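Q: I am attaching a structure below and will ask some questions about it afterwards.
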Amino acid sequence: MEKSKESSFLFCNLCGTMLLLKSPRHAECPLCKTSRNAKDIVDKKIAYTVTTEDIRRELGISLFGEKTQEEAELPKIKKACEKCQHPELVYTTRQTRSADEGQTTYYTCPNCGHRFTEG
Ligand SMILES: [Zn+2]
Ligand SMILES: [Zn+2]
């Protein structure tokens, strides 16, 4: 039984035949007998692993990017709170489905937490 069968593989540069790992240090083409440093095979394996990790990391970054946009600072307006007369309110606007109704403005008082709409 040959141990080389369970080993890593790489294809021969010259004839395209799968190389056999003859020792932990060198691989050989069974057809044209070209030998190759086993370090090349190991390096390739590492490169594939890094690529997969990079894709995962990229996906993670894009998800975090969306979250940051949502948490962006809310706009403020010089308007008195109905409840406590605080002079500045946080507001968000939302376009309603019907064009006739137009835009609705949502106000939140940063002082007492009172919420009301205008639109
Ligand atoms: Zn070959
Ligand atoms: Zn208030």
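Quick reminder: no glycine exception, Cβ is built from N, Cα and C everywhere.
From a predicted model like this one, the values you see are computed outputs, not experimental measurements.
OK, TrEMBL features for this one:
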{"type": "BINDING", "residues": "CYS12, CYS15, CYS29, CYS32", "note": "Zn(2+) 1 binding site"}
{"type": "BINDING", "residues": "CYS81, CYS84, CYS109, CYS112", "note": "Zn(2+) 2 binding site"}
{"type": "DOMAIN", "residues": "77-117", "note": "domain 'TFIIS-type'"}
{"type": "ZN_FING", "residues": "12-32", "note": "zinc finger"}
Q: Can you list which of these binding-site residues (CYS12, CYS29, CYS81, CYS84, CYS109, CYS112) have a Cβ closer than 6 Å to ligand 2?
A: CYS81, CYS84, CYS109, CYS112
Q: Please check the binding-site residues CYS12, CYS81, CYS84 against ligand 1 and give me the ones with CB under 6 A, sequence order.
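A: Cβ < 6 Å from ligand 1, in sequence order: CYS12.
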Q: Does CYS29 (Zn(2+) 1 binding site) have same-chain partners at least 6 apart in sequence with Cβ under 8 Å from its own Cβ, and which are they?
A: CYS12, LEU14, CYS15, THR17, LEU19, LEU20, SER35, ARG36
Q: Including all protein chains displayed, how many Cβ atoms other than that of CYS12 (Zn(2+) 1 binding site) lie within 10 Å of its Cβ?
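A: Total other Cβ atoms inside 10 Å, all chains included: 18.
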Q: Looking only at the zinc finger (12-32), what is the model's average confidence as pLDDT?
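A: So the average pLDDT across the zinc finger (12-32) works out to 85.
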Q: Whole-number Å only: compute the distance from the Cα of CYS109 (Zn(2+) 2 binding site) to the Cα of CYS32 (Zn(2+) 1 binding site).
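A: About 80 Å separate the Cα atoms of these two residues.
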Q: Restricting to the chain of CYS32 (Zn(2+) 1 binding site) and a gap of 6 or more, list residues whose Cβ falls under 8 Å of its Cβ, or answer none.
A: CYS12, LEU14, CYS15, THR17
Q: Under 8 Å between C-beta atoms and at least six apart in sequence, can you list the same-chain neighbours of CYS84 (Zn(2+) 2 binding site), or say none if there are none?
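A: Listed in sequence order: CYS109, ASN111, CYS112, HIS114.
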Q: If H, G and I count as helix, E and B as strand, and all else as coil, what does DSSP give for CYS84 (Zn(2+) 2 binding site)?
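A: DSSP assigns CYS84 (Zn(2+) 2 binding site) to coil.
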Q: How many other Cβ atoms sit within 10 Å of the Cβ of CYS109 (Zn(2+) 2 binding site)?
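A: Summing over all protein chains shown, CYS109 (Zn(2+) 2 binding site) has 20 other Cβ atoms within 10 Å.
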Q: Using DSSP, tally how many residues of the zinc finger (12-32) sit in helix, strand and coil.
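A: Once the DSSP states are binned, the zinc finger (12-32) shows 0 helix, 6 strand, 15 coil.
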Q: Taking every protein chain in this structure into account, which of the binding-site residues CYS15, CYS81, CYS112 has the most other Cβ atoms within 10 Å of its Cβ?
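A: Going through CYS15, CYS81, CYS112 one by one, the largest Cβ count within 10 Å is at CYS81.
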Q: Over the span of the domain 'TFIIS-type' (77-117), count residues by DSSP class, listing helix, strand and coil in order.
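A: Per DSSP, the residues of the domain 'TFIIS-type' (77-117) fall into 0 helix, 19 strand, 22 coil.
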